[in-house]
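Peer 1: First the structure, then my questions, so here it is.
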Ligand SMILES: NC(=O)c1ccc[n+]([C@@H]2O[C@H](COP(=O)([O-])OP(=O)(O)OC[C@H]3O[C@@H](n4cnc5c(N)ncnc54)[C@H](O)[C@@H]3O)[C@@H](O)[C@H]2O)c1
Ligand SMILES: N[C@H](CO)Cc1c[nH]c[nH+]1
Ligand SMILES: [Zn+2]
């Protein structure tokens with residue numbers, strides 16, 4: 001059974017703090033294991049990839065094939081059931097439209113001293129996309145990772161995804177073809193992240209690695225940041241649903257289970273101001289769990305990490321939710337905008353009774369790769385900017401350096417750096 005809390009109870013503050021602080025992710029053992037995997041890939045390249053794939057994904061890359069070529073992906077797209085293809089295309093179009101609006105503009109201005117300065121945005125040359133494939137394959141994550149990279153103008157888009165037992169998901173390949181992925185490699189876990197970062201005999205290294213994944217993937221990204229750029233840490237999915245009694249308990253139960261079914265370490269939390277509604281949702285969750293094909297995973301997540309929090313007033317919710325900084329926040333209340341205006345930390349917010357989080361996982365448009373584990377306090381969802389960087393520029397003529405150069409000479413001299421001072425002073429004397 002999930003945790004049940006009531007904000008009016010004496011022990012609420014401590015119990016809620018324990019919920020906020022509860023760790024569902026990598027422990028020290030994962031860090032050590034990942035460090036060993038990363039070192040092995042760095043030292044032994046493809047041989048280490050083959051060993052780890054045999055061990056964790058249970059197939060032999062030399063016989064099942066390392067790379068899936070473009071024509072296989074195109075064939076998968078051509079062979080898709082028409083209704084599914086339409087759905088994938090609708091998703092791709094909407095994701096592309098949302099992300100196109102994120103493209104940043106270059107800037108340039110000349111100030112009163114005559115100094116022209118600004119910034120020019122450019123894409124990284126090569127991006128690695130991690131598409132999870134361990135417990136489930138996510139064609140939607142192919143689109144969410146690849147489309148912003150494409151919009152940014154990345155030259156080489158490299159996807160890695162594990163194929164457990166050698167089984168390839170044709171919808172994942174179709175999505176890769178639709179999104180214009182250049183390379184698809186059948187590797188996963190920490191070893192795939194290390195291969196993208198350092199390169200191996202077969203796989204050329206990339207400049208940035210993005211995408212969600214399990215604890216080993218997340219830890220590998222953390223350890224390799226600096227060798228490559230990363231987006232953020234996107235781990236096991238989470239949802240906070242805020243619902244008043246005017247909702248259908250069955251809808252809200254389904255919303256909670258939609259994220260619980262991802263992973264036993266996922267987390268679903270309900271806030272409501274009505275104890276009777278809380279009971280109704282709890283009962284609905286139990287009923288729906290019995291009917292879900294993913295019931296075992298969802299049950300494990302709900303029992304270990306789920307929570308139902310009854311509050312005296314929904315006014316309390318923004319402050320409580322901000323402490324969780326959830327990946328997803330659903331506001332199924334009469335005036336969702338008023339609550340949203342008071343929320344500071346969340347990866348993505350869903351406003352209104354007809355905005356279930358699952359629509360954002362697939363077709364709404366904004367990215368579903370979002371910070372988890374309270375990282376929405378400082379991180380944002382995957383965007384075009386994760387594939388771009390800014391180069392600043394400064395242009396001066398004789399008048400401009402005459403105006404600001406003496407201050408630079410003074411500061412360089414004060415810092416004890418005479419070559420800096422001389423470099424500027426030479427232009428002042430000319
Ligand atoms: N936050 C987001 O935006 C978002 C989006 C989609 C999915 N997700 C999350 O991504 C996660 C995907 O996890 P997954 O496991 O299904 O797939 P995955 O592809 O992330 O991980 C599978 C890989 O993990 C490695 N692995 C498994 N057991 C290991 C072990 N004992 N030691 C070392 N390596 C091991 C293997 O290499 C395997 O290939 C889920 O938690 C899901 O909730 C998050
Ligand atoms: N909810 C996940 C992100 O947290 C993304 C996803 C993919 N498919 C279904 N859901
Ligand atoms: Zn989901």
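Just so it is clear, glycine is given a Cβ too, placed from its N, Cα and C backbone atoms.
According to TrEMBL, the protein has these features:
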type	residues	note
BINDING	130, 191, 214	NAD(+) binding site
BINDING	237, 259, 262, 328, 361, 415, 420	substrate binding site
BINDING	259, 262, 361, 420	Zn(2+) binding site
ACT_SITE	327	active site, proton acceptor
ACT_SITE	328	active site, proton acceptor
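Help me picture where these features are in the structure shown.
Peer 2: Within its own chain, residue 191 (NAD(+) binding site) has 37, 40, 41, 48, 49, 52, 53, 56 as residues 6 or more apart in sequence whose C-beta sits under 8 angstroms from its own.
Just so you know, the Cβ of residue 259 (substrate binding site) picks up 28 other Cβ atoms within 10 Å once every protein chain is counted.
Classification of residue 420 (substrate binding site) by DSSP places it within a helix. Residue 420 (substrate binding site) is surrounded by 15 other CB atoms, counting those within 10 A of its CB over all protein chains shown.
When secondary structure is read from DSSP and collapsed to three states, residue 327 (active site, proton acceptor) falls in the coil class. All protein chains considered, the CB of residue 327 (active site, proton acceptor) has 30 other CB atoms within 10 Å.
For residue 328 (substrate binding site), the count of additional Cβ atoms within 10 Å of its Cβ stands at 27 [all protein chains shown].
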Peer 1: Between residue 259 (substrate binding site) and residue 130 (NAD(+) binding site), find the distance joining the two CA atoms and give it rounded to the nearest Å.
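Peer 2: It is 20 Å, counting Cα to Cα.
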Peer 1: Less than 6 Å between Cβ and the nearest atom of ligand 3 is the rule; apply it to the recorded positions 191, 327, 328, 420.
Peer 2: none
Peer 1: Around residue 361 (substrate binding site), how many other C-beta atoms are within 10 angstroms of its C-beta?
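Peer 2: Excluding its own Cβ, the number within 10 Å is 20.
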Peer 1: Quiz question: given the binding-site residues 214, 415, which has the greatest number of C-beta atoms lying within 10 angstroms of its own C-beta?
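Peer 2: Max Cβ neighbours within 10 Å, all protein chains included: 214.
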